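A short worksheet on the structure shown next.
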């Protein structure tokens, strides 16, 4: 029996040890996973305990689920949209393929939104179009037709119904639109474009991140656009452009380096260049840099090259470089010549290329021409809205001022009333004190009169002469009678004895 119990205890001990090892292994694995999860959270996670890390992870998953549900509700579900592209990417690709851009126009022609792709097609910055009237960019002969097309669907002051916005709100028309230029004094050049769009209520515009209206209309002006609609249109060029200008720079001041021979042929291209220009190093090695430059920039670049050969270093002008995707990207290059360490002969040219935006290029070119950057004009609608807002603010301030003045008058009246009441209380107190003093003086005179009466009565008793001591004794006795009624009998007996004598 003892041997059996011993064997059983040994088996139980081995099971307990194995269970403890498994439990320790699970705890260690859990701690490792918690630590790894904590490194993925933002902020300092060293001071967080396990429950805090798990709670923050759960909150993140909840937010991610909500965002995914919102994006799924607005996702394009048609079969012609690839599933691996987001709405923003698909919209951008469609705009590039259609040679088009987005415009949001009020029924009076005022532009409230323009997509960034307008720069590569018409050389306008979005800021050049926003808060401007569409008619300012059209020939005079097309003003009436375009205005009728915009205003005929929804008249000013008319409230559109949801059924109308779903069925009868589509609009298509063609016109000529002005191209942007560096010098406003140049003769105008127009491009033939086609507008295709729908009218939408500004109250029902979805929140978008790239080609939407978020941040376009100020929050303070939202109430002014209530029950108003705008035309959201895709503007397409009738004549396609096969080579476009890359107007958007997602990361400004991106740069890459290259080495060139003295004849400006590529000798080296670093790893940062392919994401920017699209070419791999072996695709450009041995080719001339002038093969990728815009024809309008060749003359200026040749002068910069001559300056470099003369002084050994320098900075180029802004120029356009043709990417592999057939887009023009604006660059500026800092370069210098390196020399052989033994014979001091020039070996090659080291270049650092920096990406710049079209807005910066245009501002610099206009400064060189002595032209100030044009500020966007303020339209009549915006002036009217700002005037209404300022008028409402003045009314609110006037009402607040009146309320404060009324409150001040009430407080002053309360203070005056309290001061009057305090003054009345002080007068009443003085009057009561005066009456008290007067009553005390009258009481003193009454006591003095009674003492005199006792004195004269004592002196006149039966013609007898009484001594001063006896008189004083009588006065004291008289006073004692007033204060002690028990001594009245004794006083009578003394008076009787005096009369007998």
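The backbone N, Cα and C atoms fix where each Cβ goes, glycine too.
Check TrEMBL against the ranges 366-400, 401-435 and you find coiled coil recorded for 401-435. Remote same-chain partners of the coiled coil (401-435), defined as residues 6 or more beyond its termini with a Cβ less than 8 Å from a stretch Cβ, are none.
When DSSP labels each residue, the domain 'PAS' (87-157) comes out as 37 helix, 13 strand, 21 coil, counted as helix, strand and coil in that order. Looking at the coiled coil (401-435) alone, the prediction's average pLDDT is 82. Counted with DSSP, the domain 'BHLH' (14-64) comes out as 41 helix, 0 strand, 10 coil.
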